[in-house]
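Listed in TrEMBL:
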{"type": "ACT_SITE", "residues": "HIS182", "note": "active site, proton donor"}
{"type": "ACT_SITE", "residues": "GLU322", "note": "active site, proton acceptor"}
{"type": "BINDING", "residues": "ASN85, ARG86, HIS182, SER183, TYR184, ASP257", "note": "beta-D-galactose binding site"}
Amino acid sequence: MSVNCMDQQENAVYFSGWGNDYHLYHLRNACGTQVDVSELGATIVHFRVHDEQGVCRDIVLGYEQPEEYLEGEFFIGGVVGPWANRIAQGHYSLNSCLVELDKNEGKNHLHGGSCQLHKRKWRLMNTDASSVSFRTCVRRGEGGYPVNIEVQVTYLLTDDNELCIEYYACPEQLCPLNLTQHSYFNLTGRNLTGQTGTVFDHELVLNAGQYWETDPDSIPSRCEYVLNTPMDFRQQKKLGSGLSPMHPMLADTKGYDHCFMLNGTGLRPVAQVYEPESGLYLKVSTTETAMQLYTGNFLTPGSDEKTSGHKGFAPWSGFCLETQCIPNQINMPDFRSHVTYSAAHPYRSTTVYQVFSS
């Protein structure tokens with residue numbers, strides 16, 4: 001599936017209008033790769049790369065119009081937080097105080113609740129030849145968060161086809177933080193009507209020997225070894241090996257929606273995906289300790305024929321590799337101190353997505 005790519009090869013950042021209220025900022029490199037991001041949700045809207053045959057492929061799912069992002073339900077391409085993933089029962093205790101957050105997924109707090117970082121208009125901080133930075137502020141009380149939180153994200157595109165994402169968040173007082181990027185990848189690319197195939201043939205290798213089992217509310221309950229389970233991606237294998245047919249261990253979540261404990265520390269490679277039709281690889285490096293693998297199990301097409309990107313969605317048509325901490329870690333006594341931040345100790349995190357061909 002191919003799309004038209006612009007011919008300009010030199011490094012440049014420029015912007016264009018997007019709807020009535022937003023812009024797309026276009027990052028390009030010497031390889032002809034182009035990443036389009038918007039201040040709406042600090043969202044990755046397009047990620048266009050050339051495969052080994054020179055075909056240009058847009059490897060992230062997305063909508064065509066801002067209104068579709070504002071109405072959408074799947075966190076497509078946006079930054080989520082202040083706490084990505086789930087907090088059980090929508091509350092946590094800190095310094096002997098119980099903090100009640102929004103419960104926007106049954107009993108749970110999910111992806112920041114009504115803060116909706118992925119739907120708000122971020123402020124442009126700066127751009128240069130290869131990067132763009134955005135800023136927003138979560139006000140005290142939004143989503144139930146008890147303090148003001150400044151959040152920044154920077155996207156940098158290198159000539160090695162690395163999209164480097166730098167996160168920074170500074171709460172005025174002690175607060176749990178966990179940010180991530182929620183792009184859905186499909187390395188075959190989406191066509192001009194937004195349609196993709198499934199990700200069953202994508203082959204994943206993951207540098208993780210343990211994963212978290214979850215309870216019926218998708219809250220981590222026990223850390224287990226991946227050996228002899230469909231969670232074992234230590235050797236490259238197809239995502240479809242667990243999805244088609246559906247493995248019994250994945251039946252409740254209708255696919256992968258699990259947290260893996262990543263080996264190593266610091267910024268290091270943790271995952272790689274290969275897609276045989278395009279010949280493209282996606283390598284992920286991060287400073288984070290964990291990664292949520294989500295295979296778009298509940299993606300559904302829209303009913304409005306005007307929303308071309310929306311009607312192209314379908315279950316398992318994209319996968320997310322969400323670098324983060326453990327879901328609900330703030331409520332785990334042995335781990336909670338690692339996810340609390342303050343003005344004197346702000347949150348910083350780096351994730352790099354690199355695309356290349358064989």
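Glycine is no exception: its Cβ is also placed from the backbone N, Cα and C atoms.
Because TrEMBL annotations are produced automatically, they should be read as predictions rather than curated entries.
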In whole Å, how far is HIS182 (active site, proton donor) from GLU322 (active site, proton acceptor) when you measure between their Cα atoms? 6
Cβ distance under 8 Å to HIS182 (active site, proton donor), same chain, sequence separation 6 or more: which residues? PHE75, ILE76, GLY77, GLY78, VAL79, VAL80, ALA84, HIS111, HIS118, CYS320, GLU322
Restricting to the chain of TYR184 (beta-D-galactose binding site) and a gap of 6 or more, list residues whose Cβ falls under 8 Å of its Cβ, or answer none. VAL60, LEU61, PHE74, ILE76, GLY77, GLY296, LEU299, SER317, GLY318, PHE319, CYS320
In sequence order, which same-chain residues at least six apart have a C-beta under 8 angstroms from SER183 (beta-D-galactose binding site)? ILE44, PHE47, VAL60, LEU61, ILE76, GLY77, CYS320
Within 10 Å, the Cβ with the most other Cβ atoms among the recorded positions ASP257, GLU322 is that of GLU322
With Cβ-Cβ distance below 8 Å and at least 6 positions apart along the chain, what are the contacts of ASN85 (beta-D-galactose binding site)? List them in sequence order. LEU110, HIS111, ASN178, THR180, CYS259, GLN292, GLU322, GLN324, PRO327, ASN328
For the beta-D-galactose binding site, please report the maximum Cα-Cα distance among ASN85, ARG86, HIS182, SER183, TYR184, ASP257 in Å. 19
